[in-house]
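Take a look at the structure below.
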């Protein structure tokens with residue numbers, strides 16, 4: 001391949017990536033607006049999600065004492081707190097994210113490209129503390145395990161603004177979970193969204209760094225993706 005051809009391909013790839021990034025920004029704006037405008041928290045949403053705890057455990061194929069990476073939800077995210085407790089009751093070890101790195105936010109909605117995530121265990125009893133940055137749920141105060149703790153995780157409950165039937169997950173825009181999921185290549189990734197945020201296949205743009213989800217979880221149940 002000559003230099004001119006290579007340069008042309010690089011320019012085309014850059015243009016495609018730029019268009020994907022623009023589409024993602026527009027989608028995030030509309031999805032956030034819909035969350036803000038919708039009375040999204042159904043009555044007993046936490047109980048509806050917790051009712052699927054056995055189905056979530058079934059994804060683990062009988063692994064004894066599995067390790068699950070979860071999250072503490074913000075006000076607009078699905079309320080998984082009761083589900084997480086149900087997974088603990090079923091013998092799971094639970095990790096929750098702890099913000100690290102520079103802690104900067106991208107547009108006030110997520111970390112900058114330099115921010116990273118650490119992980120710490122949570123037993124369901126120890127109090128959680130408010131995150132040091134906006135856009136994140138409360139955090140455990142137990143010993144930090146490092147970003148690569150996800151390498152030992154069996155299942156990841158990942159927050160998302162939307163997920164499509166082909167498995168593409170749209171996060172908050174900082175690459176926070178894509179970087180975290182790079183450490184968990186053997187894990188089952190479950191995107192946790194509201195029912196209306198499960199979109200048609202290939203509705204969301206996917207870039208090379210995007211880590212796909214295997215399953216969607218809503219109050220209505222689990223849905224295999226891909």
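Quick reminder: no glycine exception, Cβ is built from N, Cα and C everywhere.
Worth saying up front: this structure is predicted, and the values here are computed from it rather than measured.
TrEMBL lists 24, 25, 26, 27, 28, 169, 170, 171, 172, 173, 174, 175, 176, 177 with the feature ATP binding site. Summarising the annotation, TrEMBL assigns substrate binding site to 77. Taken from TrEMBL, the feature region 'Disordered' covers 1-21.
Shown on the structure are the features that TrEMBL records.
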residue: 24; record: ATP binding site; DSSP class: helix
residue: 77; record: substrate binding site; DSSP class: coil
residue: 170; record: ATP binding site; DSSP class: strand
residue: 176; record: ATP binding site; DSSP class: helix
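Annotation for residue 26 (ATP binding site): no same-chain Cβ neighbours under 8 Å separated by at least 6 residues are found. The separation of the residue listed as 'substrate binding site' from residue 170 (ATP binding site), Cα to Cα, is 13 Å.
On its own chain, residue 77 (substrate binding site) has 71, 137, 159, 192 as residues at least 6 apart in sequence with a Cβ closer than 8 Å to its own Cβ.
In this view, residue 174 (ATP binding site) is surrounded by 21 other Cβ atoms within 10 Å of its Cβ, with every protein chain counted.
For the binding-site residues 24, 172, counting C-beta atoms within 10 A of each C-beta gives the highest total at 172.
Residues 24, 25, 26, 27, 28, 169, 170, 171, 172, 173, 174, 175, 176, 177 are recorded as binding ATP; their most distant pair of Cα atoms lies 19 Å apart.
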